[in-house]
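These features come from Swiss-Prot:
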BINDING   46-47, Q124, E190, 236-237, 257-261, 267-268, Y316, G486  NAD(+) binding site
ACT_SITE  C404  active site
Amino acid sequence: MPEVIRAPRGTQLTCKSWQTEAAMRMLMNNLDPEVARDPANLIVYGGKGKAARNWDCFYKIVETLKKLENDETLLIQSGKPVAVWKTHEWAPRVLIANSNLVPKWATWEYFNELEVRGLIMYGQMTAGSWIYIGTQGILQGTYETFYAVAKKYFGGTLKGKLVLTAGLGEMGGAQPLAVTMNDGVVIAVEVDKRMIDRRIQTGYLDTWTDNLDEALRLAKEALKEGRPLSIGLLGNAAEVHPELVRRGIIPDVVTDQTAAHDPLNGYVPAGISFEEALKLRKENPEKYLEMVYDSVVKHIEAILEMQRQGAKVFEYGNNIRRLALDHGVKDAFNIPGYVPEYIRDLFSEGKGPFRWVALSGKPEDIYKTDQKVLELFGEDEHLRKWIDMAQKKVKWQGLPARICWLGQGQRAEMGLAMNEMVRKGELEAPIVIGRDHHDTGSVASPYRETEAMKDGSDAIADWPLLNAMLNVASGATWVSIHHGGGVGIGYSIHAGVVIVADGTELTRQKLERVLTNDVGMGVVRHADAGYEIAIQTAKKHGIRMPMMD
């Protein structure tokens with residue numbers, strides 16, 4: 001059993017600069033037991049999304065970062081440190097490529113063969129790019145999605161409404177709190193009792209039961225009283241959902257965040273106990289997958305029937321529709337995706353999951369940055385509400401962090417403000433600034449972020465590559481290009497960026513460029529596809545697009 005990994009706190013450097021210290025601490029933070037789903041196996045979240053290929057690679061990365069100079073760049077190939085090159089101080093300290101395969105070979109079957117041979121690693125999105133911050137990292141996006149549902153169909157609130165979902169892993173675990181933040185009631189089905197316990201411990205889930213009747217009783221009481229409540233139901237969605245249909249119980253909203261993007265490692269079939277399923281997964285993966293496919297069909301057919309009976313349903317980006325379609329559910333895509341339905345207008349403005357982490361380890365540093373957000377953007381009541389709720393309801397996992405959806409212009413303004421706070425000594429230590437790959441201009445994913453693009457450009461993967469190259473050119477601290485995050489191998493290409501606000505003048509220049517250009521590529525991507533909000537945002541911020549000048 002490997003040692004317990006936790007990032008160092010405070011102002012004592014163990015590397016040669018804060019730029020490399022930050023990379024080391026964030027790698028370690030991804031494997032903090034408070035943060036990672038299965039740290040002993042280097043798994044952070046999302047099925048088998050890992051921080052490093054194996055423990056030898058992890059320790060060698062740490063060792064290399066401690067020696068890395070300010071004009072050198074470490075290259076990471078699928079979680080393995082492969083080279084250090086002399087570059088320059090404006091270059092990233094780390095460049096990462098995870099899980100990338102030539103398209104013809106981009107299948108789970110081939111990927112798994114390579115992984116068994118020790119040649120590749122699944123990096124998910126923020127697992128292999130060292131900027132995962134725990135479930136908070138997806139919380140505001142989930143909150144924004146359910147708020148958009150409420151705004152579109154229920155007058156702006158989920159009060160008195162029942163939401164049904166499944167999956168309480170590191171991503172799906174945000175759903176219960178996001179629903180109750182919107183004043184709704186949610187039943188979240190989960191097969192793994194450990195995940196339910198983890199959500200209760202971290203404050204994302206109110207209560208749990210292993211009895212459907214009890215879950216419905218609790219939900220009915222809360223709905224009648226108009227109070228928010230989140231209920232974890234220990235069970236299997238492929239059994240619970242059809243039973244609800246059989247009883248004629250149709251929730252107001254239905255979605256799903258099981259890890260169906262990885263059928264072998266992420267989805268547990270019905271008709272077998274959880275413990276037996278884990279055993280079968282190892283001993284007979286072919287039989288296991290047969291059972292998974294049968295369960296996914298039942299799961300999605302039940303959601304489709306709920307949709308026909310009036311429920312507002314959407315897929316939450318786990319590619320379960322495609323899996324169901326491939327196994328006989330011809331109308332699986334009658335279920336809309338959440339991005340075109342609820343998030344695309346935000347992406348067109350450049351808004352997305354901006355995040356920052358206090359390297360000091362002190363919550364006070366995050367609270368001070370929260371106050372800075374309110375000083376700069378306090379006229380936005382929705383944003384004020386988010387910061388207020390986050391302070392009250394989000395428990396720290398690993399290094400204290402904050403997620404805050406900011407748009408074009410706002411991210412650069414906030415980044416520069418935090419750098420100035422570090423320079424003046426208002427914060428104890430530098431701040432790491434990053435984002436999810438699930439952002440406005442950094443993903444090509446036809447079943448999620450780029451589903452149903454206005455111009456039909458869903459599958460064009462040039463955009464995340466341009467995004468990554470631009471961030472390298474702009475002075476980011478580390479940049480990553482991944483494949484298969486969110487929706488699974490073969491279905492997405494995406495890029496990540498991190499920059500460290502250390503209070504220096506050089507970093508001030510880098511921050512202004514990176515945080516303007518990174519999000520600006522999202523505006524450009526959507527403007528190029530014909531979205532009027534993005535076109536107007538580009539004009540407002542003086543973004544030069546030769547074909548639109």
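Heads up, the Cβ atoms here are built off N, Cα and C, so glycines get one too.
On the structure: features taken from Swiss-Prot.
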{"residue": "G46", "record": "NAD(+) binding site", "Cβ within 10 Å": "29"}
{"residue": "Q124", "record": "NAD(+) binding site", "Cβ within 10 Å": "30"}
{"residue": "N236", "record": "NAD(+) binding site", "Cβ within 10 Å": "25"}
{"residue": "Q257", "record": "NAD(+) binding site", "Cβ within 10 Å": "24"}
{"residue": "A259", "record": "NAD(+) binding site", "Cβ within 10 Å": "24"}
{"residue": "H261", "record": "NAD(+) binding site", "Cβ within 10 Å": "28"}
{"residue": "V268", "record": "NAD(+) binding site", "Cβ within 10 Å": "24"}
{"residue": "C404", "record": "active site", "Cβ within 10 Å": "20"}
{"residue": "G486", "record": "NAD(+) binding site", "Cβ within 10 Å": "26"}
Legend entry - Separation of alpha carbons, G486 (NAD(+) binding site) and C404 (active site) (Å): 20
